[in-house]
Amino acid sequence: MSTARVPRAKILCELCHDRKAIMKRPKNLQKICKECFYHVFETEIHNTIIDANLFQRGEKVAIGASGGKDSTVLASVLKTLNERYDYGLELVLLSIDEGIVGYRDDSLATVKRNQKQYDMHLEIVSYKDLFKWSMDEIVACAGVRSSCTYCGVMRRQALDRGATKLGISHVVTGHNADDMAETVLMNLLRGDTGRLEKSVNILTESSGSPVKRSKPFKYTYQKEIVLYAHYKKLDYFSTECTYAPEAFRGTARVLLKNLEAVRPSCIIDIIRSGEQLKLRPKKQRMRVSAVAQEVEVKRDGSVSLKPESSNTCERCGYLSNNRICQACFLLEGLEKNRAKVLIEGGNTAIAGAAKITRELEALSF
Amino acid sequence: MVMADGQVLKDLLLQIRDTLIKTPQDLEVFLEGESIRPGIIVLINDTDWELEGEEMYELQNRDLITFTSTLHGG
Ligand code: SF4
Ligand SMILES: [Zn+2]
Ligand SMILES: [Zn+2]
């Protein structure tokens, strides 16, 4: 360019009034500089942790690490906060190998680099080892449409087992405010009030699992996580899983992003609304489940109606008050289906998967 | 990417659409109509484009424009 352009006036940071603002916070539209961003980002997560009394001193905590931006930022920030505020936590990385070629093998390489960068122990549990099925095999048999249904059930159990193996009873995940608002929207649109109430909890414990889950990023915007990873030059992996995400979640996500474009605070507003929703205690449901005791499977994936009696899955030995656990239930259907495919050589896979999805919905895990 | 003098970021989006994006599926990930799809973070020389006038930002020589999607992955 021949003529020198007059540079735009710099916008000063609204917090320190000193440095150049580099971003606008979606939460409150504040324009802030990089240093102030790091500070408010980390401090808000610290406050969330303290307000929810999330950790106990000396606790061993596993970070569910996928190599993606959310869990990479989570590992980085928890390490920083653990040192800065002396939480006294022992942090380890826990990764799931779903067995998705071209996706998970690359992202696991990222997690292995993170292990060195953050100096944490890394434990990898694979679906293939636990269930004798990799996601690629499941998709080949059941079709791509219900991949996330299988994957979600198996992941929950795989995380539990990985944590238990390490003697850990607390797994933190990188779910952020956008994810949570998206889930609230989804449950709202489906009229799934039971899930709706639970979906905004920062900490979840269930009778069917010895491991509690928490979401320190509950109030953290996706945009800020991405910017934090970008400015801090964190090493993360950003390729999408080759199997399409659940269709309805995708729809809710687009809806949320469109809402956010008009009104950025809507993400936190949706979470706050979700927190205010409390269901009337359901007397009727108790009666129904008492009758249907043998087949009742609760929403949290547990099948415990009598918390004092705890059995194990007869196939895999995992905690379950049903004859078989949720993962084995799914895989059993798949094995029957695989046999059918082999015999008929036809295209029954998709129909079989759809049927299993319907059965699952009827069971309302 | 080479741009003519005096063009704004919007012109860049359209030029990317016309020259770099090959399939309608890819286009859908990037643009909605003629605007950037909500959920994509745009940085102009590492600064949030919301502070730089967004689509009306006047491009300058050697500007670095970064697009990051928040829609995928986790
Ligand atoms: S997108 Fe679905 S199949 Fe892929 S890793 Fe996530 S849950 Fe599993
Ligand atoms: Zn500042
Ligand atoms: Zn089992």
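Every residue gets a Cβ built from N, Cα and C, even glycine.
The ATP site recorded in TrEMBL comprises A:Gly64, A:Ala65, A:Ser66, A:Asp70, A:Gly174, A:Asp179 together with one of A:Ile96, A:Ile100, A:Ile202, namely A:Ile96.
Checking the binding-site residues A:Gly64, A:Ala65, A:Ile96, A:Asp179 against chain B with a Cβ-Cβ cut-off under 8 Å leaves A:Asp179, in sequence order. DSSP classifies A:Gly64 (ATP binding site) as strand under the three-state reduction. In the three-state DSSP reading, A:Ile96 (ATP binding site) counts as strand. Neighbour count (other Cβ atoms within 10 Å of the Cβ, all protein chains): 23 for A:Gly64 (ATP binding site). Averaged across the domain 'Cytoplasmic tRNA 2-thiolation protein 1 C-terminal' (A:311-341), the predicted model reaches a pLDDT of 82.
Other Cβ atoms within 10 Å of the Cβ of A:Gly174 (ATP binding site) number 24 in total over all chains. In sequence order, A:Gly64, A:Ser66, A:Ile124, A:Val125, A:Ser126, A:Tyr127, A:Arg155, A:Ala158, A:Leu159, A:Gly162 constitute the residues six or more apart from A:Ile96 (ATP binding site) in its chain with CB-CB distances below 8 Å.
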